[in-house]
């Protein structure tokens, strides 16, 4: 497959950070925002939530774009195997960070590449273990007022000031923590026959 015949590639996400990450690959892509219910199911394990939502996002966009390769992604933050969602408010964000300080949190960055030509879906859950610094309440409050990460799982906006919350990060994919694991994605694209280098 040459670069002239490759299928449309669509990122099913409203996240500017995922868009920026995908643009690093220098391949043409479009962006579409999926409209799905992101509520976890009763009794659903965190990794299962992330994988299910990444696939639902890809399927929602693929239904509107026949023959395209669609990327769906979702991230779930967990501590002691309990999901830590998007806080929504300053008070909830502060409570999350107080709970996580000095502890190691797992981020499940789920990825789905749905091939609209064949219906094949490749899925992966890339885990990142992030150890938080033991910061004071005043430092946590200052971070929240500067960054306002109320739409980020676990209140940790690591693509910005949130990186200062962390003491250590362990992952097989350095971009997974920001929300789009590029090592896994490029492997999926190659499996789908997509010419990542344009040849």
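Counting starts with 1 at the first residue shown.
Cβ atoms are placed via backbone N, Cα and C, with glycine included.
What Swiss-Prot annotates here:
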type	residues	note
SITE	17	site 'Important for substrate specificity'
ACT_SITE	74	active site, proton acceptor
SITE	75	site 'Important for substrate specificity'
SITE	159	site 'Important for substrate specificity'
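Shown on the structure are the features that Swiss-Prot records.
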{"residue": "17", "record": "site 'Important for substrate specificity'", "DSSP class": "helix"}
{"residue": "74", "record": "active site, proton acceptor", "DSSP class": "strand"}
{"residue": "159", "record": "site 'Important for substrate specificity'", "DSSP class": "coil"}
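Recorded residues residue 75 (site 'Important for substrate specificity') and residue 159 (site 'Important for substrate specificity') have their alpha carbons 14 Å apart, per Cα-Cα distance. Note: the CA-CA distance between the residue listed as 'active site, proton acceptor' and residue 159 (site 'Important for substrate specificity') rounds to 16 Å. Same-chain residues at least 6 positions away in sequence with a Cβ under 8 Å from that of residue 17 (site 'Important for substrate specificity') are, in sequence order, 159, 178, 179, 180.
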